[in-house]
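Trainee: Once you've had a glance at the structure underneath, I'll fire off some questions.
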Amino acid sequence: MAQFDTEYQRLEASYSDSPPGEEDLLVHVAEGSKSPWHHIENLDLFFSRVYNLHQKNGFTCMLIGEIFELMQFLFVVAFTTFLVSCVDYDILFANKMVNHSLHPTEPVKVTLPDAFLPAQVCSARIQENGSLITILVIAGVFWIHRLIKFIYNICCYWEIHSFYLHALRIPMSALPYCTWQEVQARIVQTQKEHQICIHKRELTELDIYHRILRFQNYMVALVNKSLLPLRFRLPGLGEAVFFTRGLKYNFELILFWGPGSLFLNEWSLKAEYKRGGQRLELAQRLSNRILWIGIANFLLCPLILIWQILYAFFSYAEVLKREPGALGARCWSLYGRCYLRHFNELEHELQSRLNRGYKPASKYMNCFLSPLLTLLAKNGAFFAGSILAVLIALTIYDEDVLAVEHVLTTVTLLGVTVTVCRSFIPDQHMVFCPEQLLRVILAHIHYMPDHWQGNAHRSQTRDEFAQLFQYKAVFILEELLSPIVTPLILIFCLRPRALEIIDFFRNFTVEVVGVGDTCSFAQMDVRQHGHPQWLSAGQTEASVYQQAEDGKTELSLMHFAITNPGWQPPRESTAFLGFLKEQVQRDGAAASLAQGGLLPENALFTSIQSLQSESEPLSLIANVVAGSSCRGPPLPRDLQGSRHRAEVASALRSFSPLQPGQAPTGRAHSTMTGSGVDARTASSGSSVWEGQLQSLVLSEYASTEMSLHALYMHQLHKQQAQAEPERHLWHRRESDESGESAPDEGGEGARAPQSIPRSASYPCAAPRPGAPETTALHGGFQRRYGGITDPGTVPRAPSHFSRLPLGGWAEDGQSASRHPEPVPEEGSEDELPPQVHKV
């Protein structure tokens, strides 16, 4: 524990989420006028249940689904016990003859009930098996616990059912066809009538998201800052990512809601974690707790492993029989879902994005099939298919062939072999275009490391993308190994990071009026957590430690503003969005001039545009990606970025969401959700009673607008990164047992950091050519918005970039030691101000 020595920058609150004068507001309502939903104490749980009931399509569907989950667990346990103790496999495999007639020479047809043991024999065999009795007792206790929890949840969800009917005035029959934005708008309106939260007069969309996603935002931030041990370097296999549902459950149990966790309740961090005086003691306490939970996982490993195997067998056996190539399909990994998730992004919003990116991601991964593997698969399919064809022909000629021993088994195995081999044979009409596919993927998933662009054809890019988009078989294998690996990760990998986790929660927690303690990254404040290379130059005061990696703050802000057009961002965020809108207008105008004069019209590009319906917003993405490679003559690489950016900006200018009451035809004036007011605001933000069909169409336009902005912002980021004189490598310092400090970067004998490019936050320190247009962009941003401050904001001293929080940062040519100045320990706690600040 002596090596737990890190330096964290103090985080100041940047703006007030409440109107002026409401910071200490407590709304008083007369006793007789209170509604059943006045002053709900646990709004986190309440809003989460409101959201879950909406996603489960109403109370009836949720009730039936919960009942079937209970029955499913009971079925797995009972059916497994029956197979182990109540079946005579000698009769089933014809090793023992059964004769029901009086004449032994007569042939007898064996039926399935003949293989079942009598009830008395079955009961006796169960009672004689002590290990089986132990497993059944544990399973019974767990099932009773789930039953009690089910009854409690049903009572709570019945209250949510009444809230939908009477407060929101949404019948259960109409709920499956209502978008979440409609439900959320009615919740905001209900706050004015019933005062659900008494600490604020009005609720905002961000308040509701903070309540529902409080812990999820912390998890996204922990993954973004590489504090959780998810990446491992395996001998002979290289770098691998291991993140399963069981491991995630243990992380949440330790940090958020388990006994002895960091949080006092759903909305408040414990007071001792808000000060730095007891950080070492708290880290030791957290380390011990992680150790005990790891030991508990180790003791329960056999039971959990048995359950994982049985559940996987019963879940995927039928799928394999019906579709043998299903395990060759791919899915988004759990790490990928957490890495690609925006701050303040609900589960259905994330799932919608990933679903749109699934097909191009599958096509991209299919571009890298091994030629040798393809050759082996073709010949394997030929030999297995030939034998299978002969057996099928013989069966058609005489069905008695199936009565021959192992013929049916052989036919089944040969069919599976042919199906698996065909999955490794590429489509003969497939065109190898990885760069275009990667741009389409980026338009939907919104996050991508810098070094992937221009290197989409390389195997390294494919391997790194496979960590986000893995085989279904790999996903199942990781879940089966999770009971064994999880205790090892907790004990040997998570415990050394206890102090860094304690410091993270102290320094990145803010108290929002009417919401409680939230992750400061979830505020999406470009001044506190913006990155200069993501259009935040001149607006951010964050040190390199406080910056969110991969443009998470900027992209999350843009996504939330587009998804919730009625939301009014704070001043700095409004300035950021407004400046981006102006930049889009300038680049779009330049692209229009270039198309008219400098760039000749391309026939293929024109044909693609004519084939795409203008009423479909997704056609814009296809036009942008196709136009990047089809329009005009080939350009040098340094000029391709400008052309790509101009094309995306032109698409954004021509992109027009629907006006109220307008059919989805044609294009109109460009709109962008920069300040929270645009064409969609009048239809989806201000009116609660708009049509369901129009809401769905507007949602499609919003997702397409965000896809175009993701492409545009990544292109701007790429040009800004090239304009930097040098870029800095940031990596998390692994805890070592030696305790030796790293040499100064500017000192003699300094070593260059290990170059492992992974994302936008892992650039190599190398000089880059400047870009005059990006420098002008920075200067214009500083002139236009650099002087904006909030009234009442405490001025902050400039951050000292020479310090190395978490080990590994050094800027401006300054040297820094690995171990910074220590934080005062116990006894000086009164001298430290609280580390949680009201917002």
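Even glycines carry a Cβ here, placed using N, Cα and C.
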Trainee: When the topology given in Swiss-Prot is taken at face value, are Asn52 and Leu303 found on one and the same side of the membrane?
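Mentor: Yes, Swiss-Prot places Asn52 and Leu303 on the same side of the membrane.
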Trainee: According to Swiss-Prot, which residue out of Asn99, Asn129 bears the annotation N-linked glycosylation site?
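Mentor: Among Asn99, Asn129, the residue Swiss-Prot annotates as N-linked glycosylation site is Asn99.
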Trainee: Quick one: which of 291-301, 302-312 does Swiss-Prot have down as intramembrane segment?
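Mentor: Swiss-Prot lists intramembrane segment for residues 291-301.
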Trainee: Which residue range, 8-11, 324-327, 480-483, is the one Swiss-Prot calls motif 'Tyrosine-based sorting signal'?
Mentor: 8-11
Trainee: Which one, 62-84, 129-154, 372-397, has the most C-beta pairs under 8 Å toward the transmembrane segment (407-424)?
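Mentor: By Cβ pairs under 8 Å, 372-397 leads among 62-84, 129-154, 372-397.
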Trainee: How many of the residues that make up the topological domain 'Cytoplasmic' (425-470) does DSSP mark as helix, as strand and as coil?
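Mentor: Once the DSSP states are binned, the topological domain 'Cytoplasmic' (425-470) shows 23 helix, 2 strand, 21 coil.
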